[in-house]
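For reference, the structure discussed in these notes is given below.
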Amino acid sequence: MRRVTLTQFLIEQQRAGRTSPDLRLLIEVVARAVKAIAVNVSKGALADLLGEAGTDNVQGEAQKKLDVIANEILLQANEWGGHLAAMASEEVEEVHQIPFDYPKGGYLLLFDPLDGSSNIDVNISVGTIFSVLRFPEGIQEPNEQCFLQPGREQVAAGYALYGPSTLLILTVGNGVHGFTLDREMGSFVYTHPFMTVPVDTQEYAINASNARHWEPPVQRYVAELQQGRTGPRGKDFNMRWVASMVADVHRVLTRGGIFMYPLDEKCRDQGGKLRLMYEANPMAMIVEQAGGSATTGRQRILDVQPAKLHQRVPVILGSTHEVERVTAYHREG
């Protein structure tokens, strides 16, 4: 059986008119950065890469050493390619401008360089999430406003999962496709064509320690799941929670389920916990392209109009029937 690499896959997408040459090359640069991040993640304590960096990110969260390293890898890899007008990182407050002596392109790249980094020191899977938007026409100098586009305007989205194997999951608006890093070849190999989220599920992912802070619709929904076979749902459900969005969403993508980080009293003033531009939008695009659904509980995530670069939102995504049920409970109040 012929092994198809990420490069070959993207060339075929370009030939079919689904991606532009610059978008293809941009995704390849991101993939090379992912390989470099994977090497650093795998070294861990051997290279003194565990623990905190002694700095805080824009959200006031303590940065891990690998947060800083992954962020720098992505910035440096993508600066010089000529495909980008600017970048935005979850770890950095301001828009990252392309150096003046490098060529500029027609795309904007947003990323969470190392999602789930609180798990690094205990050797649990972490990941990278990225999103690609078009740079609006008629603007000379990129600024924050250029990035404030609803998620439905994304031209590509993906994530890398650094686990027992390194996976790159990608959509360019033509389904969801998975690639596994062959470390001997040094290439991502096409291993998961047209991934789909099962419509029904018996698994859910939520941080149950926040139950007392949830809004009534979420409390009602989770209570029904916990009642299992003897409750209104008539079947047993299992709860899974990794505290790494990439790992939790990947499980939903591969075997079905629902992932929830809902609005609660702890994060109400912030508008939610997860970042719209760096986490919610790309994951929502991936899940919808795989046949699932993604909402805030009140609105389709991809229709949310961003007001600021580091905006937070509630996230409920996964198998369509479950997401629709939770959303209906929110409508009922």
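Yeah, the Cβs are placed from backbone N, Cα and C, and that goes for glycine too.
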Review point. The Mg(2+) 2 site in Swiss-Prot includes Asp112, Asp115. Which of Glu265, Glu279, Glu288 is also listed there?
Key: Glu279
Practice item. Given that Swiss-Prot annotates Asp112, Leu114 as binding Mg(2+) 1, state which candidate in Glu90, Glu91, Glu93, Glu137 belongs to that site as well. Key: Glu90
Practice item. Using DSSP reduced to three states, classify Asn207 (substrate binding site) as helix, strand or coil. Key: coil
Study note, to complete from the structure: For Ser118 (substrate binding site), the nonlocal same-chain Cβ neighbours (under 8 Å, six or more residues apart) come out as Lys64, Ala243
Point to revise | Max pairwise CA distance, angstrom, over record-listed substrate binders Asp115, Gly116, Ser117, Ser118, Asn207, Lys273 | key: 16
**Study point:** Ser118 (substrate binding site): secondary structure state under DSSP, collapsed to three categories
**Key:** helix
Practice item. Enter the number of other CB atoms within 10 angstroms of the CB of Ser117 (substrate binding site). Key: 25
Practice item. Compare the Cα of Asp115 (Mg(2+) 2 binding site) against each of the binding-site residues Glu90, Asn207, Lys273 and report the nearest. Key: Glu90
Exercise for review: Would you kindly give the Cα-Cα distance separating Glu279 (Mg(2+) 2 binding site) and Lys273 (substrate binding site), rounded to the nearest Å?
Suggested key: 10
